[in-house]
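Here the structure comes first, spelled out in structure tokens, and everything after it is commentary.
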Amino acid sequence: MIMQKILLATSNRHKYLEFSRLLYPLTLEALPEDLKRLLPNETAKSYRDNAKLKGMALSEIYEGFVLADDSGLEVFSLHGEPGIFSSRYAGEGSSAQENIDKLLKNLQSKNITDRRARFVCALVLVKKKKILFETTAFCYGIIADRQKGGGGFGYDPIFIPEGYSLTMAELDEKQKDLVSHRGKACQELKAFFLENRMEGHS
């Protein structure tokens, strides 16, 4: 089989860098500027369906592998919020800091002491409009009282994974990759490529 790259269906630079690290030695291709306009709005009601929307849309015009994900944070005592709206929790175009501020404010204003939560990552691999692989992985933990750490992105500074006393943003990359939702999903994808002897290298 001809070796080929995997197009990552995201315009998020942080996600591209993290997935590139997690999927090594598979080779990811960043989404070109002229294709970013083809990314559909995340209008589905589940992570997996949102990932499928993005993967199938790009597969319409890209002949190789397309990898799409949708991720989010769910706080159990907030009935799963922010959930599929994690990236825009504080409104359309909101920053990661604004989303964090809103979440911490909600927990504080409602005097919530049960801060259990989980990260979710739905991953879908598409080629020629056919779904070849899909999985959903989780990382359980709690929401910290305040932000800590300068690593990672998104809600990492306020999420403490099970078995740790540090936030995701305080963990080094190796530690984070072992426990994170994306790390677990990517391990499954790499196993799929290996089991099916498929090529995703440059």
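Each Cβ is built from the backbone N, Cα and C atoms, and glycine gets one as well.
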Problem - Additional site residue, SER59, SER71, SER95, SER109 [criterion: listed by Swiss-Prot with THR10, SER11, ASN12, ARG13, HIS14, LYS15, PHE153, GLY154, TYR155, ASP156, LYS176, HIS181, ARG182 for substrate] - result: SER71
Completion exercise
Lowest 10 Å Cβ neighbour count of the binding-site residues THR10, ASN12, SER71 is held by ASN12
Handout entry: Nearest-integer angstrom distance between the alpha carbons (Cα) of ASN12 (substrate binding site) and ASP70 (active site, proton acceptor)
Key = 12
Fill in the blank from the handout: Once DSSP output is merged into helix, strand and coil, SER71 (substrate binding site) belongs to strand
Practice task
Find, for the listed binding-site residues HIS14, HIS181, the residue with the lowest Cβ contact count at a 10 Å cut-off, counting only other Cβ atoms.
Solution key: HIS14
Fill in the blank from the handout: Comparing the Cα of ASP70 (active site, proton acceptor) with the Cα atoms of the binding-site residues THR10, HIS14, ASP156, the shortest distance belongs to THR10
